[in-house]
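Here the structure is laid out as structure tokens; the discussion comes afterwards.
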Amino acid sequence: MANNVVVLGTQWGDEGKGKIVDLLTEDAKYVVRYQGGHNAGHTLVIDGVKTVLHLIPSGILRDNVKCVIGNGVVLSPEALIKEMKPLEERGIPVRERLFISEACPLILPYHVAMDQAREIARGKKAIGTTGRGIGPAYEDKVARRGLRVGDLFDMEAFAEKLKEVMEFHNFQLVNFYKAEAVSYEEVLEQAKGYAELLTSMVIDVTDELDAARKRGDKIMFEGAQGTLLDIDHGTYPYVTSSNTTAGGVAAGSGFGPRYLGYILGIAKAYCTRVGAGPFPTELYDGQEKQDPVGKHLGTVGHEFGATTGRLRRTGWFDAVAMRRAIQINSVSGFCLTKLDVLDGLKELKICTGYQMEDGSVLEVSPMAAEAFEKVTPIYETMPGWSENTFGAKSLEDLPQAAINYIKRIEELTGVPVDIISTGPDRNETIVKVHPFES
């Protein structure tokens, strides 16, 4: 039995991780975020009520769950407070159930200003960041000049460190990007306003999680974004700034890697991507590519980013990219989401290989974005189905063509599909194998 489960995306993000984490946390004591920031967007629908979380772990809607933000997360105090308010208005005791590592780097206004100024300067070569300061905050962390949650315990020392780092960033903003400087006084006053709140939620995350493990408590690690956006293993440079893969769990939470039991990879029954970067099976981008099937996927699937509101690019399921994700994460089983979006399509295609310019065929996706952009997808065509799968709760409720599609994905990837999502509500799910019971 796996007491410690990792839930992560195996595509380009937006796979539906939030719903699945919420579903599985019925049996969990802890839900831990270990990377990313408020660039994530996890949408939960419970009894018809929609909740979008960007920073707070998805387990916050469960009374039995303690939520933890690990050291691998870059934390925006402004975003956290904004997210806490509507939850507390609904009677959810966030301050009693949310805990933060003192080692979390802070995202401050100058990070946001720097992020946005850079994207403007890149012009047509823009990466497509959310503009929320994630990348610059991670840069400061690696450069060892970043401020962390723990620095808020000593505001006098915080003020000195802040002044030094802001001189560095403001010089770049004004002289290189021709943007306005960020006010030191305003940033400091804001920090004084939230210091007490943040420090009151600080715990020793490593010690807390290790004690939970020894007690036999079930722990869920909630990933953000997706494997193909990983800073090291994704389609670089069109990636995020953190390790979105299973390897990021230990580093981003301080939890021993040997204790991780089950890796649940979340994948849509098709593919989507937000922002720039290669996408071999792309059908629709709202501009140059206007395939009607791709438009169907985007419209029926409501493919707009929960964080940015941007239209997602859509395409066929890519088993080649999925094999890379399986290698990197040692995926135990899949959760296939949005199966119901495929309802009504006469035929479906699955990418089974990439043909290169020299005629060779790749069965696993390449590392570099440049190589990705040169591949031609090789497709296998399968019959679709006209029946309605929305809300199905058992395999018996699915048409045979849908079952065949799922089985083919299992054959092509070598990994079982243990969970199938057929709608946005936590109840609209088929659970073949429960990760905590595997």
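Every residue, even glycine, has its Cβ placed from backbone N, Cα and C.
The annotation GTP binding site is assigned in Swiss-Prot to 13-19, 41-43, Arg312, 338-340, 421-423 on the grounds of sequence analysis. The annotation Mg(2+) binding site is assigned in Swiss-Prot to Asp14, Gly41. Positions annotated as IMP binding site by Swiss-Prot, on the basis of sequence analysis: Asp14, Glu15, Gly16, Lys17, Asn39, Ala40, Gly41, His42, Thr130, Arg144, Gln225, Thr240, Arg310. Residues or ranges marked as active site, proton acceptor by Swiss-Prot on the basis of sequence analysis: Asp14. The feature active site, proton donor is assigned by Swiss-Prot to His42. As annotated by Swiss-Prot, substrate binding site applies to Ala306, Thr307, Thr308, Gly309, Arg310, Leu311, Arg312.
Positions of Swiss-Prot features highlighted on the structure.
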| residue | record | Cβ contacts under 8 Å, 6 or more apart |
| --- | --- | --- |
| Gly13 | GTP binding site | Ala40, Ala224, Gln225, Gly226, Leu229, Thr244, Arg273, Val274 |
| Gly309 | substrate binding site | none |
| Arg310 | IMP binding site | Val274, Gly275, Phe304 |
| Leu311 | substrate binding site | Asp285, Gly286, Gly298, Glu303, Phe304 |
| Leu339 | GTP binding site | Ala269, Thr389, Ala392, Leu398, Ala402, Ile406, Ile420, Ser421, Thr422 |
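Between the residue listed as 'active site, proton donor' and Gly16 (GTP binding site), the C-alpha separation comes to 7 Å. In this structure, the C-alpha atom of Gly41 (Mg(2+) binding site) lies 11 angstrom from that of Lys19 (GTP binding site).
Cα spacing between Thr130 (IMP binding site) and Arg312 (substrate binding site): 13 Å, rounded to the nearest whole number. Each of the binding-site residues Gly16, Gly41 was ranked by the number of other C-beta atoms within 10 Å, and first place falls to Gly41. Between Asp14 (Mg(2+) binding site) and Asn39 (IMP binding site), the C-alpha separation comes to 11 Å. Separation of the C-alpha atoms of Asn39 (IMP binding site) and Gly16 (GTP binding site): 15 Å, rounded to the nearest whole number. Residue annotation for IMP gives Asp14, Glu15, Gly16, Lys17, Asn39, Ala40, Gly41, His42, Thr130, Arg144, Gln225, Thr240, Arg310. The furthest Cα pair among them is separated by 34 Å.
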